[in-house]
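Engineer: Could you have a look at this structure, given as structure tokens, before my questions?
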Ligand code: ATP
Ligand code: MG
């Protein structure tokens, strides 16, 4: 061990487990790449104001969880706590919305940072894969995103997740509801913090997990009863499209989610094997966000799925992904001349696209064969002086133990044939 450890609330991804993380990222990205979403990458930090405005001054993310700092040059920056605000900022800055080709569909994958109380499934550094469809108001787009996330999770073999769905209304009906909810909440017996929340972000109170709050919420006005006709019709279409696609969901009127910018469709993917960190991903429509960060009106919808929690969900369901061994062939030289010759064969195999590794460090045969077996390789190439004198190397099937000499100049072909 060195003097240093990973910072509190973080962990390192190490082989072989790291392969699962890569596979999860790929599984989530796959359906997006296949559906017109282009890859976007933005910086790990942004002007702190982007998040203050774009995520919302009243959210936990901005008030408690953000890593904000001042640079030597005096800029106020923050490590990104989420992806949507950055992606929209980048799309606006590059005028992607101006080509007349809306929606702009983008996907991303990367690290996010939140100063949270670390626990299983809740870290200070975590990864998300996300998708945003910018500049179109169309229930089919909301449905598309939910269907693609569902497809990604199913492709991983996950079954015990549920999709919670709600509508948060729009600029017309939400304010009316907000006021009614505030009236109701102000009549309750709440602590000071929660009272402040009633003033700034009353919908979040519905999301409060504490029992003494939940108990008092019976009889609270529900947004469903306040949705305007347009929002109702929109939501009904999203529901119908999901049903037609065979994607099961649950209506959850209390689902409000943490971010201020959501309008209309809101959803969360929860997994029942994860304890209190049950949300594996979430998203929704954010029709007002572009204007909040100084852009034109661009109704949009998106989601972000947490890679860390998706990996935990796989563990909870006992799913081991079928990840092909990184190495197919392992070369074991016996002696200096064999090292030179086999190293050449390894390079040739790699150039031919065969995943190959080599026993470095002058290991003895026994140790080298142990490494070969540990690498997961199906074949070993073994050569000593006598083999070289005959112009051959031994091709050993590590499963059956069977060994056949192959001509040195035919190694690539013979290996390919043996691998099938
Ligand atoms: P929670 O309610 O659990 O705090 P959230 O609403 O803050 O989640 P989002 O902002 O919607 O989460 O982020 C989308 C996904 O990113 C989450 O569903 C989760 O999988 C993941 N995520 C968010 N925060 C963390 C974290 N601190 N550690 C690990 N994963 C996280
Ligand atoms: Mg959170």
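Just so you know, glycine gets a Cβ as well, placed from its N, Cα and C.
As listed in TrEMBL for this protein:
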DOMAIN    1-324  domain 'Aminoacyl-transfer RNA synthetases class-II family profile'
BINDING   82, 83, 84, 114, 128, 132, 257, 261, 262  L-histidine binding site
Engineer: Please check each of the binding-site residues 84, 128, 262 and report the ones with a CB atom less than 6 Å from an atom of ligand 1, ordered along the sequence.
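Structural biologist: Close enough to ligand 1 are 128.
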Engineer: Which of the listed binding-site residues (257, 262) has the least company, meaning the fewest other Cβ atoms within 10 Å of its Cβ?
Structural biologist: 257
Engineer: So which of the binding-site residues is most packed in, judged by how many other Cβ atoms lie within 10 Å of its Cβ, out of 84, 128?
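Structural biologist: Checking each of 84, 128, the winner is 84.
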Engineer: Tell me, how many other CB atoms lie within 10 A of the CB of residue 82 (L-histidine binding site), whichever protein chain they belong to?
Structural biologist: 22
